[in-house]
Amino acid sequence: MSASKSFVFVTGNANKLKEVQAILAAGTSGISVTNQAVDLPEIQGTTQQVAIAKCKAAAKELGTAVVTEDTALCFEALNDLPGPYIKDFLGKLGHEGLQKLVQGFETDRAYALCTFAYSSPNPSGSGEPEVKLFEGKTYGRIVAPRGPRNFGWDCCFEPEEGNGQTYAEMRGEEKNKISHRYRALEQLKDYLASQ
């Protein structure tokens, strides 16, 4: 697979797009990102399985280099649940409910996991697209909501490196230096630079 220095980030989430563009704009990566929302099947599985399935479907539909993402929030006390189902948990329980899930357990530790899947078109134009995965983790804990509530579960996750702040309380440039998304994108940038 030959890597492209430009790709379509397949997401309908404006906050994710803004964060990805800000992280890639820092430094001299020379990577160009456009965005397209594509209606992709939502399979159940691990973040890796979901990211691969979405990436293959997007690559086939768009016929260009694509990146998809799947994010998980894994609670140590719940054997890594809700994991990739965090969006559903948040929708049903709300921000306060996430913190209540870990009350009564010995630990509130958690980690945020971001899995990016990259695929460029097959030169022959046929066959299954090859997919490369890039993962980033940030460790922290689940806390009562603090800060703006406009970006998923950011207000409930306090990263170890966050100086006592939740993701939501941090300035974007601070978060983008330690986040799970940043760590995964750094690997993707390194991969594209090596191609």
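Heads up, the Cβ atoms here are built off N, Cα and C, so glycines get one too.
What TrEMBL says about this one:
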- 11-16, Lys54, 70-71, 151-154, Lys175, 180-181: ITP binding site (BINDING)
- Glu42, Asp70: Mg(2+) binding site (BINDING)
(message) Measuring Cα to Cα, how far is Asn13 (ITP binding site) from Glu42 (Mg(2+) binding site) in Å?
(response) 15
(request) Among the binding-site residues listed here (Thr11, Asn13, Asn15, Thr71), identify the one with the smallest other-Cβ count within 10 Å. (result) Asn15
(request) Work out how many Å separate Thr71 (ITP binding site) and Glu42 (Mg(2+) binding site) at their Cα atoms, rounded off. (result) 13
(message) Validating a neighbour-count step here. Other CB atoms within 10 A of the CB of Glu42 (Mg(2+) binding site): how many?
(response) 10
(message) What whole-number Å value do you get for the CA-CA distance of His180 (ITP binding site) and Glu42 (Mg(2+) binding site)?
(response) 22
(request) Using DSSP reduced to three states, classify Lys54 (ITP binding site) as helix, strand or coil. (result) helix
(request) Measure the Cβ-based neighbour count of Gly152 (ITP binding site), defined as the other Cβ atoms within 10 Å of its Cβ. (result) 20
(message) To the nearest Å, how far is the Cα of Lys54 (ITP binding site) from the Cα of Asp70 (Mg(2+) binding site)?
(response) 9
(request) May I ask you to report the DSSP-based helix, strand or coil state of Asn15 (ITP binding site)? (result) helix
